Amino acid sequence: QDLPGTDNSTATLCLGHHAVPNGTIVKTITDDQIEVTNATELVQSSSTGKICNNPHRILDGRDCTLIDALLGDPHCDVFQDETWDLFVERSNAFSNCYPYDVPDYASLRSLVASSGTLEFITEGFTWTGVTQNGGSNACKRGPANGFFSRLNWLTKSGSTYPVLNVTMPNNDNFDKLYIWGVHHPSTNQEQTNLYVQASGRVTVSTRRSQQTIIPNIGSRPWVRGQSGRISIYWTIVKPGDVLVINSNGNLIAPRGYFKMRTGKSSIMRSDALIDTCVSECITPNGSIPNDKPFQNVNKITYGACPKYVKQNTLKLAIGMRNVPEKQTRGLFGAIAGFIENGWEGMIDGWYGFRHQNSEGTGQAADLKSTQAAIDQINGKLNRVIEKTNEKFHQIEKEFSEVEGRIQDLEKYVEDTKIDLWSYNADVLVALENQHTIDLTDSEMNKLFEKTRRQLRENAEDMGNGCFKIYHKCDNACIESIRNGTYDHDIYRDEALNNRFQIKGVELKSGYKDWILWISFAISCFLLCVVLLGFIMWACQRGNIRCNICI
């Protein structure tokens with residue numbers, strides 16, 4: 001007898017999700033390696049190789065350092081009164097004036113860089129009894145001897161160098177940066193030739209601070225024909241405060257002040273080409289896109305940049321769990337649902353239906369559940385970026401040799417921060433991936449339960465993501481199930497009748513197996529009884545003797 005399931009009286013409807021032949025491996029909280037249909041890379045690992053000049057204003061230092069431009073080295077005059085968002089120092093920068101040192105070089109460099117301007121205001125300092133505008137053949141401005149344009153080298157006038165005592169109040173409403181210096185002659189003879197006194201002294205003070213410097217006379221390595229040195233110092237004068245300069249020799253006086261500004265300007269060492277392009281994030285390697293939450297290009301950044309992490313790759317799942325389709329099955333050779341495997345080739349949705357009925361086979365996507373999953377996943381990348389991208393800049397840290405312990409501590413702190421962010425990134429991505437897989441599985445289960453509630457007793461769950469429908473269900477009927485308009489009452493009687501017929505035939509077919517097993521058991525029992533009876537009869541006749549030994 002033919003099963004009713006093989007004629008036009010039944011149909012099969014399977015639910016499933018799409019799959020791809022080769023998925024992407026991602027990490028979740030519970031599994032280090034799980035395959036998904038699609039994932040996006042979260043770590044930016046390469047730069048453009050060039051620094052973009054938009055939207056940030058980039059100032060190329062060329063062959064000048066920021067401090068040389070600040071002091072007014074003759075070959076850096078082009079930078080007078082310049083402004084910037086990011087000052088780019090080049091490795092080929094050099095000084096071309098009187099040799100100098102800055103005891104607090106890193107702090108001054110950082111202070112000026114963050115101000116973002118070299119705007120200079122000349123003030124009328126009165127230096128009585130001394131010669132101004134000293135120069136050196138180590139600092140040529142054209143053919144003549146020159147000096148730093150923002151500093152005034154004071155020497156003796158005739159045979160005297162009086163004690164200088166000059167005050168300059170700050171009557172403005174902004175901070176003023178004064179740059180000054182102390183000259184260290186190479187010999188005692190040079191000291192008296194320039195300043196008369198055998199030992200000079202320079203004191204610069206405000207209401208908040210005071211610095212007193214005694215020159216160190218002695219020969220040093222020759223630089224540009226000079227064995228003397230100048231030490232550069234700086235003082236900030238707040239609004240309402242007063243700058244007081246007292247000296248009896250060796251003073252390199254200020255000519256005015258730099259107007260200090262507050263902002264997020266910075267400085268970076270880089271040899272990357274500056275080009276006309278747009279990029280929010282800049283590293284010494286060049287600009288990088290900021291459409292990813294993490295980067296491992298460089299620790300030093302400027303602008304709205306991804307967080308630096310140690311990982312070379314972090315994959316964010318933007319698709320569901322991937323279970324490739326068993327290729328030996330064929331498209332409908334043995335129709336199966338999502339519990340067994342995914343479906344390849346379903347390009348118009350993530351979830352869908354496959355059916356087999358009297359009109360043949362077919363497939364259609366379920367757009368509603370697909371859209372529900374996509375809506376929840378779409379914002380993930382933006383949310384991760386929002387959690388990690390900040391408008392900040394990680395400047396370079398510089399320390400003198402005597403600050404080695406501070407430098408070691410700073411390096412330890414920075415390395416610890418990177419370790420923490422690398423760990424946080426790993427956990428954050430794993431959590432998001434776990435959530436993505438859980439919600440896509442949930443949408444599949446919701447669609448399956450929705451279909452089950454529609455079919456009720458008109459169909460049977462086959463246990464593999466498919467339903468056996470016990471009534472004739474043409475393509476219009478299948479479509480009503482997909483769009484949620486299916487009325488199970490219309491087909492209930494037919495489904496019950498077909499179900500009983502099919503179950504009855506299955507039951508009758510099952511009796512044959514039971515009868516065979518029962519017949520075999522009875523035959524074995526009768527054979528044992530006959531054999532036992534024969535043995536007992538033979539013993540009574542004496543044909544068989546049985547001895548029992550203890």
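Residue numbers in this text run from 1 along the chain shown.
Just so it is clear, glycine is given a Cβ too, placed from its N, Cα and C backbone atoms.
For Cys97, the cysteine that Swiss-Prot lists as its disulphide partner among Cys52, Cys64, Cys139 is Cys139.
Between Cys52 and the candidates Cys14, Cys277, Cys281, Cys305, Swiss-Prot records a disulfide bond only with Cys277. Each of the disulfide-bonded residues Cys64, Cys97, Cys277, Cys473, Cys477 was ranked by the number of other C-beta atoms within 10 Å, and first place falls to Cys473. Asn8 (N-linked glycosylation site) sits 64 Å from Cys305 (disulfide bond), counting Cα to Cα. For Cys76 (disulfide bond), applying a Cβ distance below 8 Å and a minimum sequence separation of six or more within one chain yields Cys64, Asp68, Ala69. Note: Asn285 (N-linked glycosylation site) has non-local neighbours Ser47, Gly49, Ser270, Ala272, Val297, Asn298, i.e. same-chain residues 6+ apart with C-beta under 8 A of its own C-beta. Straight-line distance linking the Cα atoms of Cys52 (disulfide bond) and Cys281 (disulfide bond), rounded to a whole number, equals 9 Å.
Ranking the glycosylation sites Asn22, Asn38 by C-beta neighbours within 10 Å puts Asn38 at the top.
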